[in-house]
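Asker: Sharing a structure here in structure tokens format.
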Amino acid sequence: MASTRARPMLPLLLVLVAVVIPGPVGAQVSIHPTEAFLPRGGSVQVNCSSSCEDENLGLGLETNWMKDELSSGHNWKLFKLSDIGEDSRPLCFENCGTTQSSASATITVYSFPERVELDPLPAWQQVGKNLILRCLVEGGAPRTQLSVVLLRGNETLSRQAVDGDPKEITFTVLASRGDHGANFSCFTELDLRPQGLSLFKNVSEVRQLRTFDLPTRVLKLDTPDLLEVGTQQKFLCSLEGLFPASEAQIYLEMGGQMLTLESTNSRDFVSATASVEVTEKLDRTLQLRCVLELADQTLEMEKTLRIYNFSAPILTLSQPEVSEGDQVTVKCEAHGGAQVVLLNSTSPRPPTSQGTSPRPPTSQIQFTLNASPEDHKRRFFCSAALEVDGKSLFKNQTLELHVLYGPHLDKKDCLGNWTWQEGSQQTLTCQPQGNPAPNLTCSRKADGVPLPIGMVKSVKREMNGTYKCRAFSSRGSITRDVHLTVLYHDQNTWVIIVGVLVLIIAGFVIVASIYTYYRQRKIRIYKLQKAQEEALKLKVQAPPP
């Protein structure tokens, strides 16, 4: 039979008729199945049957969907409903005589969501700010058995029922550093297990979040304000505490020109270092600019640099090496706008001309002196100052004067009178002064034996005597007598002392022995006398016979 599609209003009219007009006694219409669960666009066979025995029985099926009558009998008909798009209630009706009756079935349609989509995430999300996640669900039935889940990686953030079409669910996340690189997604769950089917999932596209953090927004630009021509300067720009440092871009510009640099990125630190040779070609004033880019943020720091040229002062000696008594001129000159502010020396002896007392700054200072031995290795110091951009800069120069003079052998150089104990360890110091350094010889005047200069491990009495020391160099010579006295004790004296001590001790022993002998003898005599006296008393007291 040809497929037909019922008119929309007819089922409603039939229901009303069935309610208002009761059927004949015993007549009943039935529909099978009374409930059906099928996918959207599916088909189902519906059987309408009646208990009416009237030969003119009219039996039919009303539905919104395409139907085909597959077969029929006197009181039944079998239909096929196709392309069912949504939940519906097909109606079997009968005309039995002058009455009508009907029965309906429930068809529930299930379908998977047509669209499950997580809204695109921002290119960068700042740490500490709220991120709103949105998941859109279109389609899917039955809605009572449909839910949507938001995920961060494998962690469930939110689970909500889907009660509208389309349905948008949201969830707010406080972004953290740990969310950098995290994957976010959403999926739907259509639970058809109560109907004997499975749990079906539809997953959205996974989106990755990138977070950033800039707790400190001030770049650190480490560089001097003043740059001297002829020097190699290092510029350093850095920022600490940012995240992720590996994604940060940092660069340096000087005078609008990008500098070649070395950059360092660690866990939460980024830096850029550039080395620049300062030349005369550079402008006297330049802008140094550091730029850091992270996410959609840009940080900048600028510094004004001043270029200057400042050469060290020129310090000269009329002669760097002179003889004792010669006159020496010391001169210090500054150039390029610099001023000499100090010309001095390490020696406390003042110069013989023009002095070094404070004076107003000038481009040149000089003085003269008559060289003496005290001026040997005297260091002269010159300081020049240049004011640049309100700051005073200084450069210094030093020179050393060498004075040639003959040997000196004073008490401070060679004590000349030593008294040592025989057998002791001593150090004999005798060092003449002079330039060039003089040689020294010391020998005993009596026999020419040399004086032991330096470490003496054991002093001997044979070293005792007067020595003549001679210091000499190409500048002359000088002599001086020195004395070494060795204290010692004669062995014969010790023998006599020991003998006397032995005699004294022997005499003391003899006297003590004699004293002890006579004392014991006297005690014995005393005891004997006492015994005799006692015996006599006893004899006198005895009665006569």
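Just so it is clear, glycine is given a Cβ too, placed from its N, Cα and C backbone atoms.
Under the heading signal peptide, Swiss-Prot lists 1-27. Summarising the annotation, Swiss-Prot assigns topological domain 'Extracellular' to 28-492. Positions annotated as domain 'Ig-like C2-type 1' by Swiss-Prot: 41-103. Under the heading N-linked glycosylation site, Swiss-Prot lists Asn47, Asn154, Asn183, Asn202, Asn309, Asn344, Asn396, Asn417, Asn439, Asn464, citing sequence analysis as support. Feature annotation from Swiss-Prot assigns domain 'Ig-like C2-type 2' to 128-193. The domain 'Ig-like C2-type 3' annotation in Swiss-Prot covers 230-297. Annotation source Swiss-Prot lists domain 'Ig-like C2-type 4' at 325-389. What Swiss-Prot records for 343-365 is region 'Disordered'. Marked as domain 'Ig-like C2-type 5' by Swiss-Prot: 423-476. The annotation transmembrane segment is assigned in Swiss-Prot to 493-517. According to Swiss-Prot, the topological domain 'Cytoplasmic' annotation covers 518-545.
Map the listed features onto the structure and describe their local environment.
Answerer: Taking H, G and I as helix, E and B as strand and the rest as coil, DSSP gives the domain 'Ig-like C2-type 1' (41-103) the counts 0 helix, 42 strand, 21 coil.
Annotation for Asn47 (N-linked glycosylation site): same-chain Cβ neighbours under 8 Å, separated by at least 6 residues, are Ile31, His32, Trp76, Lys77, Leu78, Phe79.
Here the Cβ of Asn154 (N-linked glycosylation site) has 6 other Cβ atoms within 10 Å, regardless of which shown protein chain they belong to. Reduced to three states, the DSSP call for Asn154 (N-linked glycosylation site) is coil.
DSSP assigns Asn183 (N-linked glycosylation site) to a strand in the three-state reduction. The Cβ of Asn183 (N-linked glycosylation site) lies under 8 Å from the Cβ of Arg152, Gly153, Val206, Arg207, Gln208, Leu209, each of which sits 6+ residues away along the same chain.
A C-beta separation below 8 Å, combined with a sequence spacing of at least six in one chain, links Asn202 (N-linked glycosylation site) to Phe112, Pro113, Val116, Gly140, Phe187, Thr188, Leu190.
Residue counts of the domain 'Ig-like C2-type 3' (230-297) by helix, strand and coil are 3 helix, 43 strand, 22 coil (DSSP-based).
For Asn309 (N-linked glycosylation site), the Cβ neighbour count at a 10 Å cut-off comes to 16, with all displayed protein chains included.
A strand conformation is recorded for Asn344 (N-linked glycosylation site) in the three-state DSSP classification.
Over all protein chains present, the Cβ of Asn396 (N-linked glycosylation site) has 12 other Cβ atoms lying within 10 Å.
According to its DSSP assignment, Asn417 (N-linked glycosylation site) is in a strand. Within 10 Å of the C-beta of Asn417 (N-linked glycosylation site) we count 11 further C-beta atoms, all protein chains included.
Under DSSP, residues within the domain 'Ig-like C2-type 5' (423-476) fall into helix, strand and coil as 3 helix, 27 strand, 24 coil.
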Asker: Provide the three-state DSSP residue tally for the domain 'Ig-like C2-type 2' (128-193): helix first, then strand, then coil.
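Answerer: Tallied per class, the domain 'Ig-like C2-type 2' (128-193) gives 7 helix, 43 strand, 16 coil.
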Asker: Measure from the Cα of Asn344 (N-linked glycosylation site) to the Cα of every one of the glycosylation sites Asn309, Asn417, Asn439, Asn464, then give the nearest.
Answerer: Asn309
Asker: Which whole-number value in Å describes the distance between the Cα atoms of Asn439 (N-linked glycosylation site) and Asn417 (N-linked glycosylation site)?
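Answerer: Asn439 (N-linked glycosylation site) and Asn417 (N-linked glycosylation site) have their Cα atoms 20 Å apart.
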